[in-house]
Amino acid sequence: MVKANLIGVVLLMEVILRFGVDGLSMQYYIMSCPFADPIIKNTVNNALQADPTLAAALVRMHFHDCFIEGCDGSVLIDSTKDNTAEKDSPANLSLRGYEVIDDAKEQLEQQCPGVVSCADIIAMAARDAVFWTGGPFYEIAKGRKDGRRSKIEDTINLPFPTFNASELIKQFGQHGLTAQDMVALSGAHTLGVSRCSSFKSRLSNVDPTLDSDFAKTLSKTCSAGDNAEQPFDASRNSFDNFYFNALQRKSGVLFSDQTLYTSPRTRNLVNGYAMNQAMFFLDFQQAMVKMSLLDVKEGNKGEVRENCRKIN
């Protein structure tokens with residue numbers, strides 16, 4: 001199965017490299033901004049050396065960007081007096097790492113003005129954050145254009161932490177992602193933390209899917225308030241398969257985490273990833289490549305923002 005998935009990743013990469021997807025290609029900046037990759041990688045690495053917790057933030061930012069209006073950098077746009085943008089939605093208030101994207105963009109504008117999109121920077125930063133934390137390296141096509149729309153009401157399309165497996169499968173399916181893709185992408189929760197406000201509803205009644213000792217841990221966390229943070233697994237800054245091991249122990253932090261093990265539709269995937277980290281890494285690579293291509297904008301459907309926080 002691992003071998004088959006590896007072949008799938010290689011074939012997908014080959015198609016993108018040769019033909020591109022919606023005008024995207026691996027070599028998109030080879031002539032126009034040849035140092036784009038190392039500039040972004042160095043910026044991300046320096047930021048993570050100073051604050052390793054930003055790795056989870058950058059991966060989460062990429063996901064929240066792609067699920068709303070496609071991977072178009074719309075999550076970066078600041079609100080104005082006439083428009084409340086995505087980033088000010090309750091679902092996005094805990095997003096961090098905007099300054100890392102700004103830093104990379106500033107350097108790129110000095111090297112090659114008006115060439116590298118903010119959407120590409122987010123996608124590449126997430127890729128580099130995964131690798132920096134010990135996860136797999138995967139390559140992505142470039143050439144996304146930045147979107148011109150960012151509205152708070154669109155964030156209703158983000159998954160809720162109370163979703164069950166069927167609801168998650170349906171929502172990811174609307175973006176062309178399979179149940180396997182969904183479970184693999186959920187494995188990004190091997191990085192980072194959740195705030196009490198996202199899981200405290202599990203503590204008000206006895207939750208049979210929640211280990212009783214872990215419930216006490218979550219209750220203790222929440223005693224410090226809604227913004228108190230609970231790591232998703234025991235290695236919050238390392239990309240590994242510990243998240244899936246936690247689900248097997250009924251120690252998933254969010255209901256939407258634990259449901260992956262509770263549901264017969266996804267339990268085998270959780271068990272497979274818990275047992276075989278290499279298989280998780282391969283499926284995660286493939287799913288991230290697919291997600292990074294969601295509803296990309298090309299040509300006059302988008303722009304390359306001069307400042308990632310505002311439309312040109």
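Positions of Cβ are set from backbone N, Cα and C atoms, glycine also.
Caution: TrEMBL annotation is automatic and unverified by curators.
The annotation active site, proton acceptor is assigned in TrEMBL to H64. Taking the Cβ of H64 (active site, proton acceptor) as centre and 10 Å as the limit, one finds 20 other Cβ atoms among all the protein chains shown.
Residues or ranges marked as Ca(2+) 1 binding site by TrEMBL: D65, G70, D72, S74, E86. Of all Cβ atoms in the protein chains displayed, 30 besides its own lie within 10 Å of the Cβ of D65 (Ca(2+) 1 binding site).
Residues or ranges marked as substrate binding site by TrEMBL: P159. Sequence-distant contacts (6 or more apart, same chain, Cβ under 8 Å) of P159 (substrate binding site) comprise F67, E167, L168, Q171, F172, S256.
Per TrEMBL, heme b binding site is recorded for H189. The Cβ neighbour count for H189 (heme b binding site), using a 10 Å radius over every protein chain in view, is 26.
Under the heading Ca(2+) 2 binding site, TrEMBL lists T190, D233, D240. Long-range Cβ neighbours of T190 (Ca(2+) 2 binding site) (same chain, at least 6 residues apart, Cβ-Cβ under 8 Å): F232, D233, S235, S238, F239, D240, N241, F242, Y243.
Here TrEMBL flags C33-C112 (among others) as disulfide bond. Sequence-distant contacts of C33 (disulfide bond), defined by Cβ-Cβ distance under 8 angstroms and a gap of at least six in the same chain, are L108, Q111, C112, V115, V116.
There are 27 other Cβ atoms within 10 Å of the Cβ belonging to C66 (disulfide bond). Annotation source TrEMBL lists disulfide bond at C66-C71 (among others).
Per TrEMBL, the feature disulfide bond maps to C118-C308 (among others). Note on C118 (disulfide bond): other Cβ atoms within 10 Å of its Cβ, all shown chains, come to 30.
Residues annotated as disulfide bond in TrEMBL: C196-C222 (among others). Taking a C-beta cut-off of under 8 angstroms and a sequence separation of 6 or more, C196 (disulfide bond) has the following same-chain neighbours: L218, T221, C222, A224, G225, D226, N227, A228, E229, Q230.
If you look up TrEMBL, you'll see 23-312 marked as domain 'Plant heme peroxidase family profile'.
Per TrEMBL, signal peptide is recorded for 1-23.
Marked as site 'Transition state stabilizer' by TrEMBL: R60. Here R60 (site 'Transition state stabilizer') comes close to L95, A188, G192: these same-chain residues lie at least six apart in sequence, with C-beta atoms under 8 angstroms from its C-beta.
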- Message: Using CB atoms and a 10 A radius, I'd like the single residue among the disulfide-bonded residues C71, C112, C222, C308 with the highest neighbour count.
- Response: C71
- Query: Cα within 10 Å of C118 (disulfide bond): which of the recorded positions H64, G70, D72, E86, H189 qualify?
  - Reply: D72
- Note on the structure: CB neighbours within 10 A of S74 (Ca(2+) 1 binding site), counting all protein chains shown, number 27
- Which of the listed binding-site residues (D72, E86, D233, D240) has the least company, meaning the fewest other Cβ atoms within 10 Å of its Cβ? D240
- Hey, what's the Cβ neighbour count for G70 (Ca(2+) 1 binding site) at 10 Å? 20
- What is the average pLDDT across the domain 'Plant heme peroxidase family profile' (23-312)? 96
- Distance, H64 (active site, proton acceptor) to G70 (Ca(2+) 1 binding site) (CA atoms, angstrom): 9
